[in-house]
Amino acid sequence: MHIQSLQQSPSFAVELHQAASGRLGQIEARQVATPSEAQQLAQRQDAPKGEGLLARLGAALVRPFVAIMDWLGKLLGSHARTGPQPSQDAQPAVMSSAVVFKQMVLQQALPMTLKGLDKASELATLTPEGLAREHSRLASGDGALRSLSTALAGIRAGSQVEESRIQAGRLLERSIGGIALQQWGTTGGAASQLVLDASPELRREITDQLHQVMSEVALLRQAVESEVSRVSADKALADGLVKRFGADAEKYLGRQPGGIHSDAEVMALGLYTGIHYADLNRALRQGQELDAGQKLIDQGMSAAFEKSGQAEQVVKTFRGTRGGDAFNAVEEGKVGHDDGYLSTSLNPGVARSFGQGTISTVFGRSGIDVSGISNYKNEKEILYNKETDMRVLLSASDEQGVTRRVLEEAALGEQSGHSQGLLDALDLASKPERSGEVQEQDVRLRMRGLDLA
């Protein structure tokens with residue numbers, strides 16, 4: 001089982017190579033391209049009996065990322081590789097994506113960046129004399145400057161938190177004596193020459209700038225520590241989901257490449273949209289104790305909603321139920337909530353297919369679009385968190401006895417809802433009246449086009 005927890009920039013390997021380029025002691029180090037013939041010869045091997053093309057491709061894809069992992073671990077002082085290893089019997093759906101392998105490596109690399117920041121701590125008290133005397137040591141091997149630039153590159157590529165990635169990138173580009181910080185992590189370049197030629201005043205200015213950088217690094221470190229802690233908890237949850245649901249959970253991995261949600265969250269959302277939504281919601285709505293599997297799904301979904309931000313604009317979705325729902329007893333203008341998760345759809349046709357008792361039009365901003373994870377992509381599902389407060393703007397029965405309801409997420413406030421004419425802006429087509437037909441339904445349904453049927 002391979003768990004992806006972080007979504008990263010594809011330039012990670014390049015950045016790490018750049019962080020390590022320069023000189024090794026007195027020897028200049030450069031990248032030398034390996035001849036293609038040698039590469040082919042090195043990669044040639046007899047495939048074990050029964051090993052198919054997909055498995056061999058998977059092993060080839062993961063090899064460079066494992067090599068990066070080894071290199072980074074040695075640089076930052078970690079001698080034991082605990083990262084995921086390619087499995088002989090891994091499922092092709094999981095093992096065939098280079099993106100997944102990269103994310104697995106970055107997941108393991110992020111904790112290592114904390115060790116790099118530890119090694120850089122001496123920069124906070126570095127003196128101008130120490131800079132002149134120790135620059136070669138600081139900028140090579142596991143020296144403070146080298147470790148800092150490498151750790152920041154790892155955070156920029158490996159953090160799942162956008163603010164941390166941005167801050168790490170800004171620090172790498174910070175001008176130290178007129179030279180970007182990331183260039184101070186090598187010897188033999190412009191930074192080395194500057195230290196040799198600098199006046200005592202300029203060296204003091206450089207160390208003052210490094211002191212300021214380290215004060216900002218301390219704040220960044222706190223954010224990374226918090227993220228690493230969350231990653232550890234997420235891995236435990238992901239392992240629990242896989243242990244409980246097996247392949248039914250694993251099949252959802254990789255369904256949200258580049259998304260904000262972790263493996264555990266994606267698996268939990270996927271399992272919910274599959275066959276587990278009914279039992280989980282029934283237990284939540286009836287106040288029953290959740291079983292072990294339901295607790296895992298609920299935990300993962302709750303984490304997903306905590307991480308998700310609100311949409312920039314109000315989203316209109318539709319919901320249908322075969323009977324009543326949690327808002328039956330809520331009067332117009334009042335606020336209520338569903339104790340379970342609230343599934344809605346961007347497609348009104350989906351609401352009609354479910355709606356033999358109640359059809360609702362829902363306006364909100366906090367829903368999660370799970371269509372990319374769900375097996376039923378045509379449902380275009382937007383999922384709201386359990387106990388999301390909704391204000392009932394309209395509730396009336398049509399001539400078929402179906403309750404038509406308009407819900408507005410209560411958190412939107414007065415300026416986003418009915419006071420701005422939201423009801424009148426509904427664009428759902430209503431059926432034309434036939435001559436002589438008695439209209440029993442609430443006149444507001446016809447005026448505002450709320451007839452979905």
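Heads up, the Cβ atoms here are built off N, Cα and C, so glycines get one too.
Residues or ranges marked as domain 'Bacterial Rho-GAP' in Swiss-Prot: 96-229. As annotated by Swiss-Prot, site 'Arginine finger' applies to R146. Look at Swiss-Prot and you will find 239-414 tagged as domain 'TR mART core', backed by experimental evidence. Taken from Swiss-Prot, the feature active site covers R319, S343, E381, and the record attributes it to sequence analysis.
Put simply, of the active-site residues R319, S343, E381, the one whose Cα is nearest the Cα of R146 (site 'Arginine finger') is E381.
Put simply, S343 (active site) is 7 Å from E381 (active site) when counted between their Cα atoms. Looking only at the domain 'TR mART core' (239-414), the predicted model's pLDDT averages out at 91. Counting only the Cα atoms, the space from R319 (active site) to S343 (active site) is about 7 angstrom. R146 (site 'Arginine finger'): 26 other CB atoms within 10 A of its CB, across all protein chains.
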